[in-house]
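According to TrEMBL:
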{"type": "DOMAIN", "residues": "161-488", "note": "domain 'PDEase'"}
{"type": "BINDING", "residues": "243, 244, 245, 246, 247, 284, 393, 444", "note": "AMP binding site"}
{"type": "ACT_SITE", "residues": "243", "note": "active site, proton donor"}
{"type": "BINDING", "residues": "247, 283, 284, 393", "note": "Zn(2+) 1 binding site"}
{"type": "BINDING", "residues": "284", "note": "Zn(2+) 2 binding site"}
């Protein structure tokens, strides 16, 4: 079996790990979790020499001692690691199994006695190894080499409900962890990389956003209710290429970052901030992967229900308030009737504003207000809140290319799925979704030039600090895709010649 060697710094020690390419992702994560002396629910991140987050998986690239990675626990239990929970769970299960067997056959089978002895032996070894050093657990005495991991048997495919419940358990287990200040600060920036975080971890970070904006205190939100609400939101995003829970997280994280970068806490009320963040979270709930044009042309139930008027956005709103109608998920239940009406009305306006058919209408209103924008003017504030949600929704190109480009691949996959279906059903084919006419560069150059830049430019006039954070990256993205588009055209000319 081919192995790779990974050098990394953890807790001030330079360590070395060796594992095969056929090891499972869970095995590799368990290995590094042990290296960091972390508990089963702690959140670990690996960083390269440039500070970029790496995916802890069998695909980690081998490195050298001079180019070691950095392994950190970014969310942990402040009360300490203690004995691994797996051992406690194993002991409990063995005890339960032993009781059952004794009840049936009257004695403890030899194999259970042997397993109990092994667990006890391993616990003693854990207690005796200096500093609980992971190398002391995995090093072979003969040659001091890290033992190779054995491949775990593949687990059966989980149903969607089982997967969701697994995420729920992980989220609740992690929800009391203390996220490091470094991650909290990184969460407030547009360069945050969503691809290196798992679903349960993203739920933890969403909880951090609501907590750090002081919403729990301001609106008397019980932590358990917030957790139920976040989990229900997660469950109501579909497994589709683009408009999924990860997209919801990215939009919410960008909104969160913009709130901090523009110091909106000093300019808008807490209710306004709650409206914007919750709208970002709920803006694509139960998205089916086919846009409004398709809904209307195909005369779907949604188009019929909402009379062809923003069917998707109306549906997202309805699902959001369906979740909030459940007492155990209602983060607004302790508000006055007036506060509830204000938040509901604001969320509906913000979510409906994400319909791109209304893009020019909303942007033009914002442009007209710009010279004399007044944060105390209700109409001005309402349009700004819509603009902030819109910017967050289509902000991928403001992120680093390594984060943004995979999102473009996901979006095109969803677009192509729709145009393929339109062709099969004999419906009008949406031009910018047709796989026979669209390329990655061409899809982005027009979108950036005619949608993103005008929108981001107007927001930057009100908040000049955003030029470096979102406007400059979008300009660089336009230059990148323009160069690719030109290169593609030149190649076509050469081929034809």
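Cβ from N, Cα, C; glycine included.
Automated prediction, rather than curation, is the source of TrEMBL annotations.
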Taking only the CA atoms, the spacing between residue 393 (AMP binding site) and residue 283 (Zn(2+) 1 binding site), expressed in whole angstrom, is 8
Here the 10 Å Cβ neighbour count for residue 244 (AMP binding site) comes out at 18
Pairwise CA distances across 243, 244, 245, 246, 247, 284, 393, 444 (listed as binding AMP) top out, in Å, at 23
Counting every protein chain shown, other Cβ atoms within 10 Å of the Cβ of residue 393 (AMP binding site) number 22
Rounded to a whole number of Å, the separation of the Cα atoms of residue 243 (AMP binding site) and residue 283 (Zn(2+) 1 binding site) comes to 10
Around the recorded Zn(2+) 1 site (247, 283, 284, 393), other residues with Cβ within 8 Å of the Cβ centre, ordered by sequence, are 243, 248, 251, 280, 287, 354
Residues near residue 245 (AMP binding site) by Cβ (under 8 Å) yet at least 6 apart in sequence within the same chain, in sequence order, are 199, 202, 234, 237
The average per-residue pLDDT within the domain 'PDEase' (161-488) comes out at 97
Between the binding-site residues 246, 444, the one whose Cβ has the fewest other Cβ atoms within 10 Å is 246
